[in-house]
Structures are given as structure tokens and as C-alpha cells.
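Copied over from Swiss-Prot:
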- His78, Val108: substrate binding site (BINDING)
- His105, Asp107, His261: Fe cation binding site (BINDING)
- Thr132, Arg272, Arg276: 2-oxoglutarate binding site (BINDING)
Amino acid sequence: MTTFIQNPTQQLQLRKLTGRIGAEISGIHLSSELDSSTVQFIHDALLEHKVLFFRGQQHLGDTEQEKFAELFGSPVKHPTVPAADGTDFIFELDSQKGARANSWHTDVTFVDAYPKISILRGLIIPETGGDTTWANTETAYEDLPELLKQFAEQLVAVHSNEYDYGGPKQNVEPEQLERLKKVFVSTKYETEHPVVIVHPETGKKSLLLGHFFKRLVGFSQSDSQLLFNILQEKVTRPENTVRWQWQEGDVVIWDNRSTQHYAVNDYGDQHRVVRRITLAGEVTTGAHGLKGKTTLPKDLSAEQLEKAKLHAVLNAN
């Protein structure tokens, strides 16, 4: 189904890509100069479709990507990885530097107020391969049997940046992976999140899992993994997913509070570079009001704590 939206400056077309997640918007030139009605349309479409795809945005450079992102919230840096050279907030994923995630995850869930929105721009795209798949974590929750919903709502999971990027990867030299991991876990983070969270804007429930997951509070590692596998499998079922074949100049925006994604590492030694900006989110809230809580790092100095508090205030929405 294609929806046409008219405004004084451009005619937008929105086309759903699957029954449960994803829509492509065309007829738009992304920039920081978008009028308020267009920004509102994109925001509302994002809440409904979870992931929005835009072709042909080659004009969008690093600076303009950062300015465009500010229309939807406050950009935040990655907690451990420095911003790309010449930028304030951009997180670069370069396959030649070992950045091949190749796992299902929600961005930066190892902190309590993880990003609400991610905006990804394709710079160098392989001729073949290198797609990204997104999954709808709200419909995954909705598909659970009632008793399993009730059980999941009682669970609390520990998320850590020691996980996900620490796993084995194809087409990545061990030395590259070790360098990447050292940067990624230069400060160790652990955060406890409810497994079922409530979206702060829509009020809908979803499953917060992905491969930053470490264990469930109160369960052994083996039992944690068994329960994780049961719930994670619901997220990644084909009917909950959309797969995007990248072209250079594409921009993808997703609601990081109701999705997981997976960058497919199937492009061998071809070069792939994408650049991401994330927007400040809120501390998670569970189905029964429990809040997310960061438990590590604990060894921050008083000065570091004050800086962290100031950073949180400056980036609050």
C-alpha cells in the first residue's frame, strides 16, 4: 500500500514493505531544513512502522546528518567508541576495521537510558551482500501466549558491552577484532533492564533482548540462556522482520525502543562503511513500573560522575 502526503514543498510517498515492520518514504530531500509538518509525519510514521527507509540521499554529509538528527532529539556519543574524525556524534562502522556486528541486537542496551532512535547512512556499499534486517519486538511480545507474557514481565536481564562484539566473526582478522573489542569494552558496562518494557510514547509493550544480553537476574547462566533462546526466537521470526538491500546514499531511521537489527556479514572482503547517529533515550520502564538500572561501571570518580550527570541533563528530552 502506498500513501501520498502533500505539503507546500514536497509530495511524500510512504510504501509499506511488510505486514508488520518497515516502510519506504520517497519524494523527500532529507535535511535540517524540513518543515515541522514533514518532521511530524516522519516521527508518526516511525512510531507506526518502526523502521523508515529513504533512497537517494547522497547529498547528506556528516555535518548535515548531525543537524538532521537534531530535528528528532538530542544526539549522543557512543559510551566507549570515539566519534568519527571531524564529527561530534557519528559512530562509524567500517568493515575494514573489523566492524561487522553480524548479530541481533538493539543499540547500546548496556546503559539504562539507551538511544531512542538510530539514523544510519550508507557511504560505501558492497556490490552484493551487506543487507540489514530489522525485527519488530512489539509484535514479538504480542505473539506470546498469555502465560508466557505474564512470566516474561517478571524477568530482569543484565546487558553488557562485553557481549555481542566479543563473539567470533567471519572475514575479520583476530588482531582487528581484538583492537575493536579493546575500544568497545574500554569501560565495562552492565545494566539491568526489564525483559518486557513499555514504550514511553505509545505505551506498547515489547521484548528487550538481543545479544548484549548476558544473563537473567536470579537464574543460572544455563537457564538464562534457555529462556533467552525461547523469547529471542519469537523476535526474529520471518513474519516480524524486514530486510533492506543497501545502495549508496540510503538513509535508514529506526525506533531503537521497539526493534532489533542484524547486519549480514556475507560480503567477503568487499568494503562496507555506514555511519550512525543515535538520539538520547529514557531509562527503561517495565510492565509493572520497574526501572532499568546501570550497575557497572561502579568505579567512576566523583568528577566523572558529575560529568555523567551533566551529560544526562544536557541530553534529556
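Here the Cβ of each residue, glycine as well, is placed from N, Cα and C on the backbone.
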Collapsed DSSP category at His105 (Fe cation binding site): strand
CB within-chain contacts under 8 A for Arg276 (2-oxoglutarate binding site), separation at least 6: Ile90, Phe91, Glu92, Leu93, Asp107, Ser118, Ile119, Leu120, Arg121
Cβ-based neighbourhood (8 Å from the centroid) of the 2-oxoglutarate site, residues Thr132, Arg272, Arg276 excluded: Leu93, Leu120, Gly122, Gly130, Trp246, Ala263, Val274
Spatially closest candidate among Thr132, His261, Arg272, the listed binding-site residues, to His78 (substrate binding site) (Cα to Cα): His261
Integer Å distance between the CA atoms belonging to Arg272 (2-oxoglutarate binding site) and His261 (Fe cation binding site): 17
Number of other Cβ atoms within 10 Å of the Cβ of Val108 (substrate binding site) across all protein chains: 23
Count of other CB atoms lying within 10 Å of the CB belonging to Arg272 (2-oxoglutarate binding site): 21
Reduced DSSP assignment, His78 (substrate binding site): coil
Val108 (substrate binding site) versus Arg272 (2-oxoglutarate binding site) - Cα distance in angstrom: 21
Listed in sequence order, residues with CB under 8 A of Thr132 (2-oxoglutarate binding site) and six or more positions away: Leu120, Arg243, Trp244, Trp246, Val252, His261, Tyr262, Ala263, Val264
Residue among the binding-site residues His78, His105, His261 whose Cβ has the most other Cβ atoms within 10 Å: His261
Near-site residues: Fe cation, ref His105, Asp107, His261, CB cutoff 8 A to centroid: Ala101, Trp104, Thr106, Ser118, Gly210, Asn256, Thr259, Gln260, Tyr262
